[in-house]
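Trainee: So that we are looking at the same thing, I have put the structure below in structure tokens.
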Amino acid sequence: MEDVDFDDEGAEEPDAEAWETEDDEGVEDGMEAQDDSEVTFSLHSASVFCVSLDPKTNTLAVTGGEDDKAFVWRVSDGELLFECSGHKDSVTCAGFSHDSVFVATGDMSGLIKVWRVDTKEEVWSFEVGDLEWMEWHPQAHVLLAGTADGNSWMWKIPSGDCKTFQGPACPATCGRILPDGKRAVVGYEDGTMRIWDLKQGTSLHVLKGQDGHQDPLTCVASNQDGSLIMTGSVDCHAKLVNSATGKVVCVFKMESMAPKAPAGEGEEAESNSVESLGFCNVMPLAAVGYLDGTLAIYDLSTQSLRHKCQHESGIVQLLWEESSAVVYTCSLDGAVRLWDARSGKMISEYRGHSAEILDFAVNKDASIVVTTSGDHQAKVFCVQRPDR
């Protein structure tokens, strides 16, 4: 037993309820004993890279993993609905169409498949270059994806009518369709960012040089009406951009950044980067999550840092609750945390994975969180809070 790492907090106040309800499912040597999850999905045989919930009912999840598999399953009990079979590489992208009619899965080699959820049948597939990201259109059966050759692709599903948007000759590392459904913002490895007109196939704005980033873009988000875009990069900057004019409104820099010490022979400089970001729907706030474990809450009206919430290990992803100023983070230490962005205080923490969390999703009424992890599992946590 000596290699079992009991978490300090867990040791002080074991969550009695979790101990009773969870039957040490899938406990491995060295796994933290605390498991706050309600449901564990264990059909993957390697790291689970991605998860999405079906937007219409929030009752189904799709997960993709390093085992070249994707599964659609029921959130309430982890029951498998169907397997999205036929991938030959790690499934890194998966998501449902806006109306939950279709589910798309994409693997690293660039094979994208679309399935009809009710009939569980594959209706379309296509092969592109190495896949970087994939996203459904917010109002139509249209799929957008970015690839390592710098192209972004757009298809009508299931007809497969196709349009390409040619970026620079480097990977299109992240992308997001804006809420109006008419434009998309795509970030690239060379630090540039383009806003594309989806109908015309032309770029409306290109941000490069001083307006772009010094290093590859890692993430991009827009606010609810699409008027503002935020981009994050390996250069540790987050840029706020007016989507109509393409002008940079302000740059958020992590001011406590230690100067990059020159790395000696064989040692790596401490690396930091922006890993995830997002806008609050109910207050003029934005959250930025960094690889060094910092969650920064920025006030958009004063363009200033409002709170710094420190995690002990790197933040993988963050999501805002739809109708409150609560930020969810998942991190390399395997925990999900809820933060009150007004006070900067942690509301609660959920554990159960024995490895890093790689992706997560929150349902519409913010009552459940579904996580995926390097421990080969996906888990469902109930996060309903008594204060609401």
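Cβ coordinates come from backbone N, Cα and C, glycine included.
Keep in mind that what you see is a predicted model, and the values were worked out from it rather than measured.
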Trainee: When you get a sec, could you say which of 1-31, 187-217 is annotated region 'Disordered' by TrEMBL?
Mentor: 1-31
Trainee: Is it the case that the repeat 'WD' (350-388) and the repeat 'WD' (41-83) touch, counting contact as three or more CB pairs under 8 Å in which the residues of each pair are 6 or more positions apart?
Mentor: yes
Trainee: With a Cβ cut-off under 8 Å, give me the same-chain residues at least six positions beyond the ends of the repeat 'WD' (84-125) that come close to it.
Mentor: 49-57, 60, 62-72, 131, 133-141, 143, 145, 147, 155, 157-158, 160
Trainee: What counts of helix, strand and coil residues does DSSP assign across the repeat 'WD' (308-349)?
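Mentor: The composition, in the requested order, is 0 helix, 25 strand, 17 coil.
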Trainee: Report, as numbers and ranges, which residues of the same chain sit near the repeat 'WD' (179-206): CB under 8 Å and 6 or more residues beyond its ends.
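Mentor: That would be 137-140, 144, 146, 150, 152, 154, 163-165, 167-168, 170-173, 212-220, 222, 224-226, 229, 231, 233, 235, 241, 243, 245-246.
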Trainee: I'd like the per-state residue tally for the repeat 'WD' (84-125) from DSSP, helix first, then strand, then coil.
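Mentor: Split into helix, strand and coil, the repeat 'WD' (84-125) gives 0 helix, 24 strand, 18 coil.
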Trainee: Taking DSSP states H, G and I as helix and E and B as strand, how many residues of the repeat 'WD' (350-388) are helix, strand and coil?
Mentor: 0 helix, 18 strand, 21 coil
Trainee: Over the domain 'Anaphase-promoting complex subunit 4-like WD40' (279-357), what is the model's average pLDDT?
Mentor: 96
